[in-house]
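Undergrad: Structure provided below as structure tokens; questions to follow.
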Amino acid sequence: MITLHHLENSRSQRIAWALESLGLEYEIKRYKRDSSSAAPESLKKVHALGKAPVLDDDGIVIAESGAILEYLCDRYDDEKRLRPVSAEDMLSYRYWMHFSEGSLMPLLVMTLIFSKVPKQPMPFFVRPIAKGLCGKIQENFVNPRLQPMIELVEDTLSQQTWLAGERMTTADIQMSFPVQALARAVEVDKFPNIQRFLNQVEDNEFYIKAKERVGAFGPLAS
């Protein structure tokens with residue numbers, strides 16, 4: 001039996017979507033965040049880093065969402081329901097699978113952190129300094145690197161239905177989390193193809209099933 005160790009509002013939502021898409025039976029072990037939004041200590045009993053998602057497939061334990069998605073495709077997707085057919089699309093597929101966490105998410109996590117730091121408890125005279133410093137880092141370091149990535153996603157989706165071609169693949173599942181996080185950080189209505197992508201994700205029948213099974217989805221870093 002497959003067990004998904006699921007932390008609320010985390011990257012593990014992507015694994016539930018893939019499991020539903022592949023028609024696999026699975027159990028969910030749920031974990032709640034603590035008052036600081038961190039994962040509970042009990043997750044460290046499953047994996048040393050105490051992060052989610054973690055997948056247990058009859059004793060085979062895999063962490064990291066990208067690695068889990070690739071494992072599920074390698075083991076259970078003989079019909080290529082979630083993988084490209086052509087070699088060209090496969091190159092795009094591999095790119096977006098790694099771009100998601102390797103390039104886009106770090107900048108979005110920084111954006112989240114810099115938006116939260118000025119709201120933390122601190123002496124009143126320090127708050128303007130913290131706010132100004134975070135704003136400058138966001139403006140001068142994060143935004144100039146984030147904007148070209150947004151434009152790349154928008155341009156890619158202007159040429160095809162999904163990120164790795166005309167069929168939805170695991171690359172879209174992997175990218176759904178940072179794109180949803182992006183929608184909270186920027187005005188995505190300025191990027192019609194990204195907005196279309198988000199609509200396609202949320203209208204997907206297996207995404208809906210996963211959401212019903214897992215509960216509320218949300219792009220919070222675990």
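Placement of Cβ uses the backbone N, Cα and C atoms for every residue, glycine included.
Because TrEMBL annotations are produced automatically, they should be read as predictions rather than curated entries.
Under the heading domain 'GST N-terminal', TrEMBL lists 1-80.
Please go over these features one by one and say how buried each is and what sits next to it.
TA: The residues of the domain 'GST N-terminal' (1-80), classed with DSSP into helix (H, G, I), strand (E, B) and coil, number 27 helix, 20 strand, 33 coil.
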Undergrad: Across the domain 'GST N-terminal' (1-80), what does the mean pLDDT come to, as a whole number?
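TA: The average pLDDT of the model in the domain 'GST N-terminal' (1-80) works out to 93.
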